[in-house]
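Asker: Below are the structure tokens for one structure; questions will follow.
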Amino acid sequence: MNECYYDKHMDFFYNKTNTDTVDEWTGPKLIVVLCFGTFFCLFIFISNSLVIAAVVKNKRFHFPFYYLLANLAAADFFAGIAYVFLMFNTGPVSKTLTVNRWFLRQGLLDTSLTASLVNLLVIAVERHMSIMRMKIHSNLTKKRVTFLIISIWAIAIFMGAVPTLGWNCLCDITACSSLAPIYSRSYLVFWSVLNLVVFFIMVVVYIRIYMYVQRKTNVLSSHTSGSISHRRTPVKLMKTVMTLLGAFVVCWTPGLVVLLLDGLNCTYCGIQNVKRWFLLLALLNSVMNPIIYSYKDDEMWGTMKRMICCSSEDKSQDRRSSRIPSTVLCRSTDTSGHYIEDGIIQGTICGKGDLGDKGNS
């Protein structure tokens, strides 16, 4: 019967698997890494919080697609938490960790990846439901969307906890991997292959949906008299989702390939030399997503901009309250013109941020 090592610290497993924890990462190099990591994580927290707040605040976003988009932002926010925890529990500190603390460190990363992946998969289903009916949004009720979001996080937490629940090498040291010294190589193969296969399936599905939307839109455009912007909206939403998926695949695939090579026990692949760069690439995915939301969706960018500008205007009003009457209205900082809705020209007022900036939504 194999001996189990539940009470050992991580230095025991790192030494057994000859894993490099980069003891030279001290002094200036460590400070630089922590500074860059802190900056990226702060950006992830602030930008994804703005995305979630924009969906809550703007009634135009109260549809299944945008609820799921907000949940994807929540997954990125969670990824920021995972990276912060990783920053302070990596390098030389790794060897001092207990087994449970190391499981927590890796489990947070695995949970964030699974949450993003499953969320993109659910968005694909939602887009398919709406596009097959040539509608901008699907008919999913709020209860069903809530159930889907809860299910996404339940699956993510379970997948992140699988190694902790038993699929590890604590009782079989010979099966331990190099990059994750208490993860079984068989688990790394399963985990990486599963995600890569889902990546491939999602790319194929999204391309087919996008081609269908383009074809249908071109056909309908010659037979309908609706506004051009309304006919192009499904295409714009699909472009946003495909950009998100493309960024996700590009940022996560190299790391998953490295894990697969480690699981296959490739001792000559030099995976230790590239693992940190690929982890940084995965971090950049959570940085890129909010930028994609705002760049691809004018309404999203306008809502986020108004929230920031109105917040600064409120602070400025507080400072001038002793000199200026409290009835002064905030002036719009949008230089692109006023938004016209239902025939009423709206001059943006700081307390009515739910209306959009532009009329192309």
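A Cβ is built for glycine as well, from the same backbone N, Cα and C atoms used for every other residue.
So TrEMBL lists these for the protein:
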TRANSMEM  30-53  transmembrane segment
DOMAIN    47-293  domain 'G-protein coupled receptors family 1 profile'
TRANSMEM  65-88  transmembrane segment
TRANSMEM  108-125  transmembrane segment
TRANSMEM  145-167  transmembrane segment
TRANSMEM  187-207  transmembrane segment
TRANSMEM  241-261  transmembrane segment
TRANSMEM  277-295  transmembrane segment
Asker: Would you kindly list the residues that approach the transmembrane segment (187-207) from elsewhere in its chain, counting only those six or more residues past its ends and only Cβ-Cβ distances under 8 Å?
Answerer: 110, 113, 117, 120-121, 124, 128, 162-163, 167-168, 177, 179-180, 238, 241-242, 245, 249, 252-253, 256-257, 259-260, 262-264
Asker: Report, as numbers and ranges, which residues of the same chain sit near the transmembrane segment (108-125): CB under 8 Å and 6 or more residues beyond its ends.
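Answerer: Tertiary neighbours of the transmembrane segment (108-125) are 65, 68-69, 71-72, 74-76, 78-79, 81-83, 85-86, 148, 152-153, 155-157, 159-160, 163, 191, 195, 198-199, 202, 205-206, 209, 241, 244-245, 248, 252, 282, 285-286.
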Asker: I need to check the long-range neighbours of the transmembrane segment (277-295): which residues 6 or more away from its ends have a CB within less than 8 Å of a CB in the stretch?
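Answerer: Distant Cβ neighbours of the transmembrane segment (277-295) are 37, 40, 43-44, 47-48, 50-51, 69, 72-73, 76, 79-80, 83, 112-113, 116, 240, 243-244, 247-248, 251-252, 254-255, 258, 301, 304.
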